Amino acid sequence: MDQKLLTDFRSELLDSRFGAKAISTIAESKRFPLHEMRDDVAFQIINDELYLDGNARQNLATFCQTWDDENVHKLMDLSINKNWIDKEEYPQSAAIDLRCVNMVADLWHAPAPKNGQAVGTNTIGSSEACMLGGMAMKWRWRKRMEAAGKPTDKPNLVCGPVQICWHKFARYWDVELREIPMRPGQLFMDPKRMIEACDENTIGVVPTFGVTYTGNYEFPQPLHDALDKFQADTGIDIDMHIDAASGGFLAPFVAPDIVWDFRLPRVKSISASGHKFGLAPLGCGWVIWRDEEALPQELVFNVDYLGGQIGTFAINFSRPAGQVIAQYYEFLRLGREGYTKVQNASYQVAAYLADEIAKQGPYEFICTGRPDEGIPAVCFKLKDGEDPGYTLYDLSERLRLRGWQVPAFTLGGEATDIVVMRIMCRRGFEMDFAELLLEDYKASLKYLSDHPKLQGIAQQNSFKHT
C-alpha cells in the first residue's frame with residue numbers, strides 16, 4: 001500500500017477529533033461540501049457552533065417550553081422515523097393523535113361529537129392552527145353569502161393586536177385585516193371598536209386569549225355579547241375564532257370560571273400551541289372545531305398516500321409523529337390535577353416577580369401574572385413623566401450580559417411610543433431561578449446608576465414581542 005495512503009488512513013482512524021484534518025479548516029457554509037469527514041468531527045463542529053446560541057432556560061422572551069423530562073426525549077427518539085401523515089403505516093400513532101383531539105375538545109367544552117370523535121387536528125404550532133381556523137371561517141362566510149346571492153370578493157377579519165400569523169393569513173388568503181389598534185389606555189380589542197369594524201363581509205372576529213405583546217387576555221365573552229346585539233340590530237351573524245395560543249392550556253386549569261371557549265355559541269373554532277403551555281416539545285399545535293358543520297367539507301381531503309387513504313385538513317404534510325406522542329404523554333402523566341399544579345406554580349413565580357420588581361423602580365404594570373388577568377407574564381413600563389436615568393433597553397442589555405433574555409420593545413398600533421419589558425414565566429422557571437434573576441436585575445440597576453454615561457445608549461434590540 002502506498003505510504004501516503006497508509007498514513008492518511010492511520011490518521012483517520014487514530015487522530016483526535018481536534019487533530020483531524022477536517023477540523024483545521026472553516027466549515028463550509030455557501031457550497032455543498034465536496035468530501036466526507038468523520039462523524040465525530042462533524043458533530044464537534046456543529047456542537048461548538050451551538051454554544052453561541054442563548055441558554056434556552058434563561059430565555060424569558062419565549063412562550064415556548066424549554067424544559068422536557070427524560071421520557072419525552074425517549075418517546076421523541078422512538079418516533080423520529082414515524083411520519084405523522086402515514087395513518088395506515090402507523091395506526092397506533094394515528095390513534096394517539098385522535099385521542100389527543102378528543103381530550104383537547106373536552107378541555108374546551110366542545111359539544112359531544114355525534115360519532116364519538118371530536119373535530120380537530122394536530123398542527124406544527126398555533127400559527128398553522130390559526131391558518132386552518134381562518135380558512136374555515138372564510139369558507140363558511142362565502143357559502144352564506146353565495147346562498148344569499150351576495151358578492152364574496154371583499155372578505156374582512158376583525159381582531160385586536162394579533163400574532164404575525166394572522167397578517168400572513170390575511171395576505172395569503174386575500175382577506176382584509178381590520179386590526180383594532182392599540183392605544184394608550186386602550187391596549188386591547190373592546191366591544192365598541194369591534195362592532196364599528198364589523199359588517200356583512202366580516203368572516204369572523206378573533207380575540208387573542210393571551211395577547212403576545214403584554215400577556216393579558218382579550219376576554220371573548222363581552223365581544224360575544226356585543227355580536228349578539230349586533231345581530232339583533234342588523235341581522236348580520238358573525239362567527240368567532242379564539243386564538244388561545246397560550247391561554248388555551250392555562251384558563252381551563254387555573255381560571256375555569258372564565259367563559260371563553262365553546263361555552264360561547266358563536267365560537268366555531270379554537271387554536272392553541274401544544275408547545276407553549278400545553279407543555280409539549282416544539283412543533284405541536286391544535287385546532288378544534290365546534291362540530292362537523294363548523295368545518296367545511298371542501299377543506300377535507302381524502303388522498304392516496306403510500307398505499308393507504310387518509311382524510312387530512314392540515315396545511316403541512318410529512319413530519320415526525322413524536323410531538324403528538326409526547327403531548328399524549330404529558331396529558332396522561334399530568335392530567336387535570338398535574339396541569340393545575342404546574343400552571344399554578346408559574347403564576348406564583350410571576351406574582352412574586354411582579355411584587356419584587358415593583359419595589360425597584362417607577363414602574364406601571366400592564367400585566368402582573370394573575371390567573372384572572374392573563375397568562376403568567378409580567379409586563380411593565382416606566383411611569384409617565386418618570387426618568388430613572390436608564391431605559392428599559394439599557395436594562396435588557398445589562399441582563400443579557402448575564403445570559404438572561406428579557407425583551408424590551410415598543411407596543412404596536414397607536415402606542416408605539418410606549419416601551420415595555422415582558423418576562424415570561426413557565427415550567428422550569430422555578431422560584432429559586434426567579435430569585436437569581438432578581439439578583440441580576442438589582443445588580444444591573446446598580447451598574448446603570450454607577451455609570452450614568454452609559455445610560456440611554458442601548459438601542460431597541462432584536463427581541464420580538466412574540
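Glycine too: its Cβ is placed from the backbone N, Cα and C atoms.
Annotated pyridoxal 5'-phosphate binding in Swiss-Prot involves Ser126, Ser127, Thr212 plus, out of the candidates His73, His241, His275, the residue His275. In the structure shown, across all protein chains, Ser126 is the one of the binding-site residues Ser126, Thr212 with the greatest number of other Cβ atoms within 10 Å.
Listed recorded positions near Ser126 (pyridoxal 5'-phosphate binding site): Lys276 (candidates Thr62, Asn83, Lys276; Cα-Cα distance within 10 Å).
Largest Cα-Cα distance over the residues recorded as binding pyridoxal 5'-phosphate, namely Ser126, Ser127, Thr212, His275, equals 15 Å. Comparing the Cα of Thr212 (pyridoxal 5'-phosphate binding site) with the Cα of every entry in Thr62, Asn83, Lys276, these being the recorded positions, the smallest distance points to Thr62.
Ranked by CA distance from Ser127 (pyridoxal 5'-phosphate binding site), the recorded positions Thr62, Asn83, Lys276 have Lys276 at the top as the closest.
Lys276 (N6-(pyridoxal phosphate)lysine) and Asn83 (substrate binding site) are 23 Å apart (CA-CA, integer value). Cβ neighbours of His275 (pyridoxal 5'-phosphate binding site) (same chain, under 8 Å, six or more residues apart in sequence): Cys64, Gln65, Gly125, Pro281, Leu282, Gly283, Cys284, Gly285, Gln323.
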